[in-house]
């Protein structure tokens with residue numbers, strides 16, 4: 001089944017919900033970053049949640065998420081837009097630990113339990129919206145739950161899971177974001193909290209063939225989910241040779257001359273997709289001339 005996301009409401013319109021199957025998305029990020037199992041889970045959870053957050057935006061809006069913990073993975077960065085496109089990178093991909101006491105990949109140990117999550121939204125305005133909160137657990141889902149409550153003042157439950165095969169590839173990935181709108185009765189909130197605690201792990205549901213619709217029905221009940229929208233989700237990087245040329249054209253003349261005369265060319269690799277771009281000496285001379293003109 002191809003990756004996709006649904007947007008829905010429940011509980012007579014008092015609850016907004018998103019659910020995603022992101023197995024291919026997480027696998028593509030893993031493949032490009034060459035992550036080991038625990039780092040794969042951290043990267044996969046991050047890109048899964050970021051992709052869902054991207055679909056909360058409109059038009060050409062986009063957002064960037066940065067998780068900066070004190071663990072060995074180093075910073076994890078993901079960005080997404082309203083079209084269902086996302087990408088991510090992890091600073092140190094070769095991180096793996098034994099399973100934690102719950103028998104799960106030890107994401108908190110990899111990410112760290114101290115640090116910050118920041119979310120920058122580019123809404124096409126002069127100023128970007130930036131929210132930053134401390135990491136509360138390092139498990140990522142709980143950290144985003146805290147982000148929504150603290151930075152956006154929206155009571156939210158966030159869940160994301162990634163299962164990794166013995167060959168390091170992603171077996172299953174998915175997640176949900178559930179937001180309680182103002183005026184929702186306390187008993188409804190309590191009911192949702194209990195249901196979320198009682199359902200199997202999201203990655204297990206995806207592995208068993210459950211769809212995003214099934215995930216929300218597990219939480220709310222079959223008759224209680226009203227799907228508003230369904231959209232494909234995929235990995236997409238915005239890097240290009242033109243962007244690389246623009247970046248090189250912006251460096252100072254001395255550095256550019258060194259690339260031409262000493263290095264005899266330039267090579268750049270995209271953090272997100274690991275695509276390698278090579279510029280010849282002749283192309284650099286051409287860039288320099290166009291810069292001078």
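In case you wondered, yes, glycine gets a Cβ from its N, Cα and C as well.
Keep in mind that this is a model prediction, so the values were computed, not measured.
As recorded in TrEMBL:
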DISULFID  237-239  disulfide bond
DISULFID  270-273  disulfide bond
Distance between residue 273 (disulfide bond) and residue 239 (disulfide bond) at the Cα atoms, whole Å? 8
From the Cα of residue 270 (disulfide bond) across to the Cα of residue 237 (disulfide bond), what is the distance in angstrom? 9
The rounded CA-CA distance in Å from residue 239 (disulfide bond) to residue 270 (disulfide bond) is 7
For residue 270 (disulfide bond), nearby residues of its own chain (Cβ under 8 Å, 6 or more apart in sequence): 237, 239, 277
Ten-angstrom check, please: count other Cβ atoms within 10 Å of the Cβ of residue 273 (disulfide bond), all chains counted. 20
